[in-house]
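Taken verbatim from TrEMBL:
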type     : residues : note
COMPBIAS : 73-89    : compositional bias 'Low complexity'
COMPBIAS : 479-488  : compositional bias 'Basic and acidic residues'
DOMAIN   : 135-176  : domain 'B box-type'
DOMAIN   : 278-377  : domain 'Fibronectin type-III'
DOMAIN   : 362-596  : domain 'B30.2/SPRY'
REGION   : 67-96    : region 'Disordered'
REGION   : 472-492  : region 'Disordered'
Amino acid sequence: MAEGEDMQTFTSIMDALVRISTSMKNMEKELLCPVCQEMYKQPLVLPCTHNVCQACAREVLGQQGYIGHGGDPSSEPTSPASTPSTRSPRLSRRTLPKPDRLDRLLCNECFKLFHPWGTQKAQHEPTLPTLSFRPKGLMCPDHKEEVTHYCKTCQRLVCQLCRVRRTHSGHKITPVLSAYQALKDKLTKSLTYILGNQDTVQTQICELEETVRHTEVSGQQAKEEVSQLVRGLGAVLEEKRASLLQTFRPAASSSFRHCQLDVGREMKLLTELNFLRVPEAPVIDTQRTFAYDQIFLCWRLPPHSPPAWHYTVEFRRTDVPAQQGPTRWQRREEVRGTSALLENPDTGSVYVLRVWGCNKAGYGEYSEDVHLHTPPAPVLHFFLDGRWGASRERLAISKDQRAVRSVPGLPLLLAAERLLTGCHLSVDVVLGDVAVTQGRSYWACAVDPASYLVKVGVGLESKLQESFQGAPDVISPRYDPDSGHDSGAEDATVEASPPFAFLTIGMGKILLGSGASANPGLTGRDGPAASCTVPLPPRLGICLDYERGRVSFLDAVSFRGLLECPLDCSGPVCPAFCFIGGGAVQLQEPVGTKPERKVTIGGFAKLD
């Protein structure tokens, strides 16, 4: 059904193009001089209301010898043919032909050409050519009086009697000369515009004609391809028929029931045989599409969509200042596969992306737009370093050094027994192998919701190493793990920024402690927030501003702020992860490590 509607639409468009082309040709004919068969140049209106170019009229009159009144060569020129450039002694001696001869010069052929019998123009009354033509005044058909005014309301000429009649009461009536001048100015402007755009119109006509020719050729080629494919199917069936008939041989059974053909599937396929359709709009996989150090876009076609040979990805920023205007869509074409990598996006920006497929039938529809936030700062790439503070009995770091798991096991059970006797329980710490000394940095990780107690954050490298030599006491009420120092320290150190900044996660919840700036939208309070818990997002983002000495914790999916803390940045700062009991942390993998086809934002690049 869709193919039939498309064919009808295509036929309607082609009919419209043909009509436009025909109309343009007819309009072009109206602008051609009947003498030179070219576009009018300084056209003159003849007594029979036909038009000719001024140069053509001069040439015709010159050929007939009309150079002046009475054949006097010394008289003032009264026609274009009597100009000094065309005047000659031989022509000056010729006198005007008689009127009966004038009737035979130019007029009979012109009447046959422009007033053919069987048309409305055949009723026109011819006027003999003359050099002193003066048109008669137009007469009112109702009152037989000369018309002097023009009724704009009725769009007709009227005489004085018509003007005073009740028929034109309240109508807009103007003198004939005024109406004539206004109409002349309008026609002059229209003619000037048409002549000025002659090349453009001619180019468009040529393009339409070329489109019609190309469409005819393409249509004929498509018909031939369909016929060839059908003939090919017929040839395969005929070959199969001959092969099957060769299998009929005498056998013990005379029923030949074993030679029955099952053509149900083939008949169904032949019934569904139809023209190739364009791919349907792709569906973007929002679970696998994300922005980190780069943008990874993943999509799929609907289940019953025709296949796509390749895809086109379009993207643009949507958070540019209003005075700069909307940004244009950037396009990457011929993307193979169902994913693309967009490199070097701007940090702290919002991108909108869409994709569409293409096959031999043409381009399909766009997918729905997807909006992605890029991280607020450049992504910091690092690996987990288990050389400091990590107990091999309780911590297991993956081979790629991007994941760590805390296994409580027997030591934690024994420690739990000692908790009742007032003993201490140590904290297992894992650091990143890269220290930050300047600028702004961002990284993200995922915390297992089943973790007992995990702290994610940053700290001064020197202070972290000092804490490894003497493990902190997590049972003591004097220990504040989020502030990074003993809550009972001297007053002189209270005003200084803490050397550590951690976000506490446990059993699928985030603890937003007091004394730090929390998001009012999460806590429902303004200013310093009281202790509360919020759900753990799929990924946590940490943004370190070294110069400002601030650390921000965010939802790495929506980039919504969770908590902001001060930090002592007097030395190198390292990412740190603390475990108490069982838990697991997975660093977000850089997008560039995925073995996917690559599309670059800065310039076109691809992986075959």
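Keep in mind that glycine also has a Cβ here, set from the backbone N, Cα and C atoms.
Predicted, not measured: the structure shown is a model, and the values here were computed from it.
Over the domain 'B box-type' (135-176), the average per-residue pLDDT in this prediction is 82. In terms of DSSP secondary structure, the domain 'Fibronectin type-III' (278-377) contains 3 helix, 45 strand, 52 coil.
Helix first, then strand, then coil: DSSP counts for the domain 'B box-type' (135-176) stand at 9 helix, 11 strand, 22 coil.
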